[in-house]
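What TrEMBL lists as active site is Asp48, His261. According to TrEMBL, the feature active site, nucleophile maps to Cys51. Under the heading site 'Linear diubiquitin binding', TrEMBL lists Glu236.
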Amino acid sequence: KLSVSPEMDIMEYCRKEWRGNTPVAKRMRKGYEAVAQKFASIRRIRGDNYCAFRATLFQALSQATQLPRWLQSEDFTMLPENLLSKYDWIKQWQLKQKPGKKMGEISDEIKEYLILLRKKWKNISEIKDPLEKQEACDKLFKNEEEEYSLYEALKFLMLNTAIELYNADKSGRRVPVFSWLLFARDTSSNPCQLMHNHLNHIGHSGGLEQVEMFLLAYALQYTIQVYRLYKYSTDEFITLYPNDPEEDWPVVTLITEDDRHYNIPVRMCQETML
């Protein structure tokens with residue numbers, strides 16, 4: 001199964017998916033028309049519970065021209081070891097079981113995933129030719145073993161970010177509003193609960209909830225811009241995670257019809273000069 005399908009004309013895709021005359025179909029068509037003002041094509045993302053990760057990471061790597069600062073830091077790969085030395089409960093992190101692979105120490109496993117993330121990001125960002133870069137991304141997202149290892153790395157980075165935000169709030173420092181919302185849920189009033197009740201389930205029994213999209217954006221230091229088609233003609237049609245992004249964060253764009261499954265728009269239209 002393809003993780004990221006080949007590109008298809010956006011309006012052609014829309015006509016295929018939304019034929020009827022129901023209010024919902026009409027709204028979706030209007031939404032796709034608005035996206036088509038900016039992007040020519042769409043690529044479908046495989047619909048399992050990793051699709052938000054898959055869409056975000058694919059877009060980030062497709063346009064990467066350098067290694068993000070946080071991936072360059074010396075102690076990046078020491079993260080699992082450092083966190084485990086402070087928080088014993090992280091031992092209950094749910095590792096993705098790989099068939100035929102004996103599980104080592106949890107910190108070694110996660111370190112491996114983080115090293116892979118850095119290596120792939122570095123390699124792809126160094127490719128100058130846009131066509132070659134696209135081919136390298138396509139190839140990576142056809143390799144299931146590597147692809148899912150990268151999602152494990154992202155999940156762990158989200159946990160690390162959540163711990164940082166939680167501690168910052170507890171010590172009276174300013175934190176973004178979503179961080180309060182994240183820890184205001186009965187199921188995630190602290191990072192340990194967040195891990196048990198949410199992060200451990202992503203990819204298995206659930207995808208990312210809205211508030212976790214903010215956490216992903218913070219972990220990657222990327223702005224995730226989402227066309228939420230069912231919100232067409234409201235001020236939530238284009239939603240930014242976070243909604244007050246840092247100036248220097250790169251932007252990736254996704255499309256969703258329902259906040260559960262994400263696809264990606266590609267090929268920005270040449271802006272017509274008036």
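Each residue, glycine too, has its Cβ placed from N, Cα and C.
Fair warning: this is a prediction, and the values are worked out from it, not measured in the lab.
The sparsest Cβ neighbourhood within 10 Å, among the listed recorded positions (Asp48, Glu236), is found at Glu236. The C-beta environment of His261 (active site), restricted to residues of the same chain at least 6 apart in sequence and closer than 8 Å, consists of Ile45, Gly47, Cys51, Gly207. Cβ-based neighbour count (10 Å, all protein chains) for Cys51 (active site, nucleophile) stands at 22. Distance from the CA of Asp48 (active site) to the CA of Glu236 (site 'Linear diubiquitin binding') is 25 Å.
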